[in-house]
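Below is one structure, written out as structure tokens; comments come after it.
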Amino acid sequence: MTKLLAYFPSPPQGVWHLGPVPIRAYALFIIAGIVAALLIGDRRWEARGGERGVIYDIALWTVPFGLVGGRLYHLATDWRTYWGPGGAGFGAAVRIWDGGLGIWGAVALGAVGAWIGCRRHGIPLPAFADALAPGIILAQAIGRLGNYFNQELYGRETTLPWGLEIFYRRDPSGYIDPHSLDGVSTGQVALVVQPTFLYELLWNLLIFVALLYADRRLTLGHGRLFALYVAGYCVGRFCVELLRDDTATHIAGIRINSFTSTFVFIGAVVYLMAAPKGREDPESLRGNQYVEEEPAEPEPATVAATTEAATEGVAAPADGAEAAGADATAQRPEESAEPDVEKPESEETEAEAAEEPESEETEAAEEPGEPEAEEPEEPEAEEPEEPETEEPEADSDEEPEEESGEAPEQPVAEEPEPAPQQPETKRRWGARLRDRLSGR
């Protein structure tokens, strides 16, 4: 017997008991792989423009469907172990924690669950698959450590230095068997085999790095990155299947997983070549949640009501201004009527009658100067009524003369319409001149 220079030992056991509860390494690594895939997928989904946390919502559909699909594929391809002569029976078929998941069934039925989740959130399934692809292959690599602890899915016997030692294990009932999942190693080597779990683990890690690099350099989208993951994994799985020697279903002397890997590889390559280039629009990855957050357009009735309210608010001050203007206009006739009341009280003499032509000339001369009276009305315009002291007649005579001198420059015909107070101003000047000429 050739003495090995080196060897790769198997773990002494694959299950620990916490009281009556068994803690299985296989289940722990499966859970760890799922968590890693979701964490990576969530970060990648957000980087592509999607909403953070959507991956976890869709995982509520994807993970259960994937576990059921993986178990169904395992039962379909290894049915003799459960229903063949001396099979373990239906009870063992449902004990998924004992190991036995087929990756192709997990991917196929998991895709159905992902489609349901994506449809409910309004996001495209190919984009979701691209974001999750690197995490899936990493989860597969972590899950292979569970096969290592279970001493399962190993290869043929070998004399290579890195060969894997398979120990005999004794279960709680005392039965010794290298395939015992609940047993503890006796320290006795049963055989040395190819560590196929390690080969596939390393290959999966290589695909994980390659996917990240290709996604960054080539900006793959529309499901093309997921297709690249499937094609790459099929190549590695096909090669590993050639080294395995465990119990499996064969077709024409070839393991069934080799057939599956071949056909799935062809389908992945065809999709990779036919899918659209580039990536999806980031806005399409936000789904129904983004649509709900968009502000709703105001209804026409609401817009009309708002416009009417604004119009009424503007019209109200204008109406108030018009009312104030009307009140002011109503007061002006009363003021203009005051001189008419004073006229009967002043008795005109014959001398005043003789001087009336002069006052008429003065009034005519004052008309060209009326633009000064048309300036904005101010309280100062009524000052001529306030002074009680009499000014020298010379001053009063000079003012009309100066104004009469300016008369030819501005014809009366070109003057704008007189202000409402114009007649009142003429009467006041006429009354003052008559009073001063009469010696009052």
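The backbone N, Cα and C atoms fix where each Cβ goes, glycine too.
Taken from Swiss-Prot, the feature transmembrane segment covers 21-41 (among others), and the record attributes it to sequence analysis. Residues 11, 14-15, 55-56, 59, 63, 97-99, 101, 131-132, 134-136, 138-143, 145-147, 149-150, 181-182 of the same chain lie 6 or more positions beyond the ends of the transmembrane segment (21-41) yet place their CB under 8 Å from a CB of it.
With a cut-off of 8 Å between Cβ atoms, the residues of this chain six or more beyond the transmembrane segment (53-73) that come close are 34, 38, 41-42, 45, 96, 100-110, 112-114, 116-118, 121, 123, 128, 131-132, 287, 289. Under the heading transmembrane segment, Swiss-Prot lists 53-73 (among others).
Under the heading transmembrane segment, Swiss-Prot lists 96-116 (among others).
For 122-142 (among others), the entry in Swiss-Prot reads transmembrane segment. Residues 29, 32-34, 36-41, 44-45, 48, 50, 54-55, 58, 103, 107, 111, 114-115, 200-201, 204-205, 207-208, 211-212, 215, 220-226, 228-229, 232-233, 275, 279-280, 284-288, 291 of the same chain sit 6 or more residues outside the transmembrane segment (122-142) yet have a Cβ under 8 Å from a Cβ within it.
Per Swiss-Prot, the feature transmembrane segment maps to 189-209 (among others); the stated evidence is sequence analysis. With a cut-off of 8 Å between Cβ atoms, the residues of this chain six or more beyond the transmembrane segment (189-209) that come close are 4, 7-8, 134, 137-138, 140-141, 144-145, 147-148, 153-160, 162-168, 178, 229, 232-233, 236-237, 239-240, 243-245.
Residues or ranges marked as transmembrane segment by Swiss-Prot: 256-276 (among others).
Residues or ranges marked as region 'Disordered' in Swiss-Prot: 280-440.
According to Swiss-Prot, the feature compositional bias 'Low complexity' maps to 299-330.
Feature annotation from Swiss-Prot assigns compositional bias 'Basic and acidic residues' to 332-346 (among others).
Annotated compositional bias 'Acidic residues' per Swiss-Prot: 347-417, in sequence order.
If you look up Swiss-Prot, you'll see 424-440 (among others) marked as compositional bias 'Basic and acidic residues'.
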